[in-house]
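Structure record follows, encoded as structure tokens.
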């Protein structure tokens, strides 16, 4: 029978000092012996996805204490990728994931907490907490802050839906008036919550449902809706039950590695491909799997991408649907239900509700359930009122979107495409693979060939695009922006956005060893591995070289003879695989990250082999 970890600090005469300090935090005599549950919050006023989380920790803590636990809250950092985008701040985004994971480990292990509730929301916070959960392997429930409502405004006598990416595109488009650009800017992000499309934050919060680590609705229920409060309340109650099941009943099925096992990771990746999620999710799932000692790699993702169809198309891949529409169509449970009926889901995985996925779908998939409370839950909709307050409205759609032929979520037979929303490409320019979000690629660009135009950094690429140096038919190559080379593997949302604003979004491709925002669409290929700084062939490309992209064949090729590539490699070996003439200040903290970072095909995690021996 496991012993409560917290007993180390709460029992025995030799722990009198620790108990004295616990008492100073409010612990009473009859509390000692109860499980100590960490409430891992990420409130900050810097990030709209987290600005409303200040009171959420205490909401959860109150429910934990009512259910018989001791709740202790702490906070992690949170970087807003949108605000950090397009300047040196983006160097810090991906490395912050490792800091978040470490900070959770430090706090939980230093204070011997027995379990956790992780309150996350945005791009690197959910993955960082997930890595910590898999590393620590103590009972955990994730509950996120929820997505933002989609923006709306009237242009040309028509109401259109908006999000952050629309503001960026219009702001860079020289044909758009200042007045219209400002109108879109003011309308794009109307409420608290994670940005309203299927960007990285919402993708990751949806994946926690498929992994079994969060409750139904976690990925899709709006941050502003009153129904979301129930997710926080139930998380506080449920974590005490999970904790007691493990420590008092020796039930290891309550542990995250047994919930989010290999089959659950397959389910999460199937969901990601089916909903056209952010390509960043590949990095984060690979990283979390490594933390849990789960054998899951790019080969598994490649295999799955070839058989899972694209069932749900959401912004930025279409302006028609945002997360509020996904929720109306039944949310993640509905997508998983369609995957299950198509024979593409392992429905015997477990969830934090103590159910098998099959049992959970029977209760929460709107195409199966007759539970009126569940059907009402998925009719929760937007209010269209600017606010930074959680649970501030209780608007509902008149009816659910259960149209599985032409609606937001579709059956396998009526899929947006039989090819999934993400694909792994490989070839001599990316021997260990690269990722493309096929959900955002037009059909005519699934095969593309063109001359390279090479940039040694995102900054010079942006300058070149805006200066008109990039021409239709070219493949923009941005290198030395990988985990080591950046360092930090910057997102390339500005280059892709500016290509669109210059009218090149459908006539150019972009290849990088960096990564892309979940807001990216178009023929944008990232995560090229090995990266340039690690001796990858992307570092050998010259402007004018022909690059051939064939998504149906899952291939990407630099059409240069091997002998010529070898001659270029000898030259780069002598130069040390560094960008030419790049002026970039790199702090000690970022250099420390770069010194241990692996390439994207390994999840850009730290190379543990450097700590061995």
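Each residue, glycine too, has its Cβ placed from N, Cα and C.
Of the residues proposed, 491, 531, 562, 564, the one Swiss-Prot records at the same Mg(2+) site as 81, 123, 124 is 491.
Sequence-distant neighbours of residue 122 ([2Fe-2S] cluster binding site): residues of the same chain at least 6 apart with a C-beta under 8 Å from its C-beta are 47, 49, 50, 78, 79, 80, 81, 194, 200, 201. Neighbour counts were taken as the number of other C-beta atoms within 10 angstroms of each residue's C-beta; across the binding-site residues 123, 491, the minimum falls on 491. Listed in sequence order, the binding-site residues from 123, 124, 195, 491 having a Cα within 10 Å of the Cα of residue 517 (active site, proton acceptor) are 123, 491.
A simple way to gauge crowding: the CB of residue 517 (active site, proton acceptor) has 30 other CB atoms within 10 angstroms, across all the protein chains here. Taken residue by residue with DSSP, residue 81 (Mg(2+) binding site) is part of a helix. The number of other Cβ atoms within 10 Å of the Cβ belonging to residue 81 (Mg(2+) binding site), over all protein chains shown, comes to 28. The Cβ centroid of 81, 123, 124, 491 marks the Mg(2+) site; residues of that chain outside this set whose Cβ lies within 8 Å of it are 79, 84, 90, 93, 94, 122, 200, 201, 280, 517, given in sequence order.
A distance of 10 Å separates the Cα atom of residue 195 ([2Fe-2S] cluster binding site) from that of residue 123 (Mg(2+) binding site). Of all Cβ atoms in the shown protein chains, 30 besides its own fall within 10 Å of the Cβ of residue 124 (Mg(2+) binding site).
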